[in-house]
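Take a look at the structure set out below.
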Amino acid sequence: MPKRSDINHVLVIGSGPIVIGQAAEFDYSGTQACRVLKEEGLRVTLINSNPATIMTDPEMADHTYVEPIEPEYIEKIFQKEIEQGHPIDTVLATLGGQTALNAAIQLDRLGILEKYNVELIGADIDAIERGEDRQKFKDIVATIGGESARSAVCHNMDEVYATVEELGLPVVVRPSFTMGGLGSGLAYTMEDLDRIAGGGLAASPEANVLIEESILGWKEYELELMRDGDDNVVVICSIENVDALGVHTGDSVTVAPAMTLTDREYQIMRDQGIAIIREVGVDTGGCNIQFAVNPEDGRIITIEMNPRVSRSSALASKATGFPIAKLAAKLAIGYTLDEVTNDITGVTPAAFEPTLDYVVVKAPRFAFEKFPGADDTLTTTMKSVGEVMSLGRNYIAALNKALRSLETKQLGFWTKPDEYFAGERATDLQAVLEDLRRPTEGRLYDVELAMRLGATIEELYDASSIDPWFLAELKALVDFREKLEDAPVLDEALLREAKFMGLSDLQIAAVRPELAGEDGVRRLRHSLGIRPVFKTVDTCAAEFEAKTPYHYSAYELDPAAESEVAPQTEREKVLILGSGPNRIGQGIEFDYSCVHAALELSRVGYETVMVNCNPETVSTDYDTADRLYFEPLTFEDVMEVYHAESESGTVAGVIVQLGGQTPLGLAERLKAAGVPIIGTSPEAINMAEDRGEFGDLLGRAQLPAPAFGTAHSFEQARAVANEIGYPVLVRPSYVLGGRGMEIVYDEASLEDYIQRATELSTEHPVLVDRFLDNAIEIDVDALCDGEEVYLAGVMEHIEEAGVHSGDSACALPPMTLGAQDIEKVRQSTRALALGIGVKGLMNVQYALKDDILYVIEANPRASRTAPFVSKATGVHLAKAASRIAVGATIADLRAEGMIPTGYDGGSLPLDAPIAVKEAVLPFNRFRRPDGRSLDTLLSPEMKSTGEVMGLADNFGAAYAKAETGAFGTLPTEGTVFVSVANRDKRSVILAIQRLDSMGFNILATEGTAGMLRRNGIDCEVVLKSSDVREGVEGRSIVDRIRDGEVDLILNTPAGSAGARHDGYEIRGSAVTVGVPLVTTVQGVTAAVQGIEALRRGELTVRALQELDHAVKA
């Protein structure tokens, strides 16, 4: 069945900002889809609000709209494309995660698809609803002879109580049409039930929840399937969760293929999966289905399905080499599986199911340290912010590799022995077993500790519900440790066995201290000729030859085993080190820069080699770089890749400046080991990080910086703070994403900080800086080739200094800076770039106060804002930086047209659009152990997971779009609640007067209301929670927010403890109900401008391709 001839113009709906539960995997799937559809000669239009994605690059589609993924904007795109003579005839919504599916359902319900005669391809509305609606899906499972957990769909709390009476506690609560388990949970008590089911009803767009019998402790599996228009179905991959049911699959360590299924169980699941995909009606494309197996009696239950490409699809795709998203796009336009060739072999059709001759392990990356007070129990609501994948010849080797890929404090078993075995816990087996009953991030380390304290597999299974097979694998590792420890000498056979089990040199050194650390183990290993061989992912267990070089390392027991790395060409090679797992502070933006470097260097004649371990990203797609290594980003693993590449050709150098802090942290050791680092040198990177050297540079260049001092103890910190004056900003040195940073207003808070934060880093001191209150913060991206500096973009933060730049909204071009300010920025940036010795990208943060431009920090690397600046100005910064690294000058790039002539990012043409970047925060995912919300205040510590961009001709419209994209659509009428700290009251009067004149009802607390009334603003006084607690009659503001009576909240934090508690409750209830919340004075002003733009109805849509012409005209 060839391609359909009635499809000419496809709208691909992207997934929007990175949030927990929906991350970079959808950029990867959407990018593949856009490429395929364009290759097939179709016109492609894309909507996605996230600028940090490859899919929103102008080359990926004919028209790219960086707009909020909402029906009104999609309808504007339909209208605009008709006006331009290119009507859209089909929409592909199965590759943009839950966001795209929910948008498609709304388009259908509002009649927009019918109005414009547009068809949904991949999965129609009925199939989406049958897969996503809990009751419909349950009926389908029954139809095909499968079994679901006993459950009922409830629309209100009365129905919930009735169901629980029948099923008994505990129960699982799951809302419909949400992703990443948002709003779901386990209810053990009636209090739990009220909290979780109430929240679940609020989280579900359909206002219904499924209450299900608890199948906690069962084994959980997933099957990834594809179906074409001829009803051919293939099963691509089985995935098994190491954690038992009760931990969200996104938070569990998972393994592919499934390890503990019997053949009979696998066949039952396979048959049911195929019957379900047919019955649901996913006509074309991928889906994943989750099953549970009762370990006691083998009863199999179908849990749920995603009728779309999902997080698991990205994992299955990278694990097998089978390009699921690419095929889903081909099948959606009419091809069948037997008509599409598998890219990796070049000869087999996609109808051949992949076979694996290796084991894949995925491990989640968490960020609980960013949310003090959050409950770190792993439940059915997903909490991890990223993940890694590793490939090995056996399960334990793949697991060891995955754990060290995570880049947490503990790089695998035994690598943090001092901290880990501190205190009584190290010897108290019962305490460890008790801890294992509550799943947390470190549970595998707890299992290993319990084994060394003598726990049996039966005891551990009882405590953790982890299948005995996985426990036995870990027991073999613990037994091997004893053998390794007790051997009188570490000979070749024993060292080979250790490496075969996936142990790193660092882990071996921890057990054999006489080898003098990791370097000593490496020297011994090399002297014995023990190196990894590199195997190939080929989808067919070596039955056919692979055409795409996609490698992983393995140590074989046989010394004669051969590597499969063959030189592709005679070209010089450049290694690009990726950014590892997504985490807060280091996300998809860095992957974006790595991908651009790979594509650009390939284009100009280099052979590009990507090293990364993140399965969600475009950088680990098999056709992004010329060669891909799926390896941990540790010194040992990178050195072995470099050695293998050097053996098969000439390596021009390694690029470390694009992947964030991860590769930067390796730069010095790599250079010392003889690896050529191209671009900015490790010495220059260190100079920018070292406060003393950097301070000297500022002195020489006569650039002002806030006064600062360094301290190794509380006494020293107190002396520094007294000298430079409070408030001060305190932080450890060498951090990304503002880890452990705080603004401190007095000595007591300083002492509290030092006690909490000095454990962050023993060898690095704490830095104490003068904090510039109420300054304007400015973010700058620039390129430097060693001689010339190009100012790429000047962004003005909307929040004042003190909010981490990754969490602050910002505008480009800047809104309140004059020509003189920008000239100061340009000259200061030039002095810094040349003084540091930057070759490539640099990011500088400034604060402007009383007409003095202070340098806050300079980072000689690709920044978080590089993709945003690239989209807003039409200049591909990462491509330019990669060319500078291999010797091009800015003049060369100007001559090629990559960098504009006649202006820079500080002097954009007058008709250039205004771009606003807004951060997306994950507070709805985290709760305190008692179930209360976390405080949502912004601080110098970064908390956002992703970002969106708003583009328009004026600031108000751009800001309004950015807020809509970040899930905080501003209201155009209704009720506004105002409660601001005393120091902010004068600053907000004008903004509130404008809201009053637009007809909003104003609610205010007593103190704020008095000030508003004195300024002629009519408002209603509302009670604070503390008033009601003290016995005042009436409903508090928190009650009114929870009852849906408030449309916008303006609340800046106050100083006293009582006021702080009231503010915390107000902000927490805003997150629970989903009311837009503004917590800074500048944010209030911006919000009012946004509301005015919305009321004027000025929101138009323009494709990036048109804007590029406007910027470059």
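Placed from the backbone N, Cα and C atoms, the Cβ positions cover glycine too.
The model shown is predicted, which means the values in this text are computed figures rather than measured ones.
As given in Swiss-Prot:
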type	residues	note
BINDING	E304, N306	Mn(2+) 2 binding site
BINDING	E304, N306	Mg(2+) 2 binding site
BINDING	R731, R770, L772, E777, G802, V803, H804, S805, Q845, E857	ATP 2 binding site
BINDING	Q845, E857	Mg(2+) 3 binding site
BINDING	Q845, E857	Mn(2+) 3 binding site
DOMAIN	138-333	domain 'ATP-grasp 1'
DOMAIN	695-886	domain 'ATP-grasp 2'
DOMAIN	968-1113	domain 'MGS-like'
REGION	408-565	region 'Oligomerization domain'
REGION	968-1113	region 'Allosteric domain'
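Shown on the structure are the features that Swiss-Prot records.
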residue: E304; record: Mn(2+) 2 binding site; Cβ neighbours (10 Å): 18
residue: N306; record: Mn(2+) 2 binding site; Cβ neighbours (10 Å): 24
residue: R731; record: ATP 2 binding site; Cβ neighbours (10 Å): 20
residue: L772; record: ATP 2 binding site; Cβ neighbours (10 Å): 21
residue: G802; record: ATP 2 binding site; Cβ neighbours (10 Å): 22
residue: H804; record: ATP 2 binding site; Cβ neighbours (10 Å): 22
residue: Q845; record: ATP 2 binding site; Cβ neighbours (10 Å): 19
residue: E857; record: Mg(2+) 3 binding site; Cβ neighbours (10 Å): 15
Given the binding-site residues E304, N306, E857, state which is nearest to L772 (ATP 2 binding site) when distance is taken between Cα atoms.
E857
When pLDDT is averaged across the domain 'ATP-grasp 2' (695-886), the result is 87
Check the DSSP secondary structure of L772 (ATP 2 binding site), expressed as helix, strand or coil.
coil
Restricting the comparison to the binding-site residues E304, N306, E857, which residue's C-alpha is spatially nearest the C-alpha of H804 (ATP 2 binding site)?
E857
Per DSSP (three-state), E857 (Mg(2+) 3 binding site) is strand
Under DSSP, the region 'Allosteric domain' (968-1113) has how many residues in helix, strand and coil?
78 helix, 19 strand, 49 coil
Largest separation between Cα atoms (Å) of residues that the record links to ATP 2, namely R731, R770, L772, E777, G802, V803, H804, S805, Q845, E857
18
Taking only the CA atoms, the spacing between G802 (ATP 2 binding site) and E857 (Mg(2+) 3 binding site), expressed in whole angstrom, is 13
Please report how many Å separate the Cα atom of N306 (Mn(2+) 2 binding site) from that of Q845 (ATP 2 binding site), as a whole number.
42
Between R731 (ATP 2 binding site) and E857 (Mg(2+) 3 binding site), how many Å separate their Cα atoms?
13
List the Cα distance (Å, whole number) between Q845 (ATP 2 binding site) and E857 (Mg(2+) 3 binding site).
5
For E304 (Mn(2+) 2 binding site) and E857 (Mg(2+) 3 binding site), what Cα-Cα distance in Å is obtained after rounding to a whole number?
48
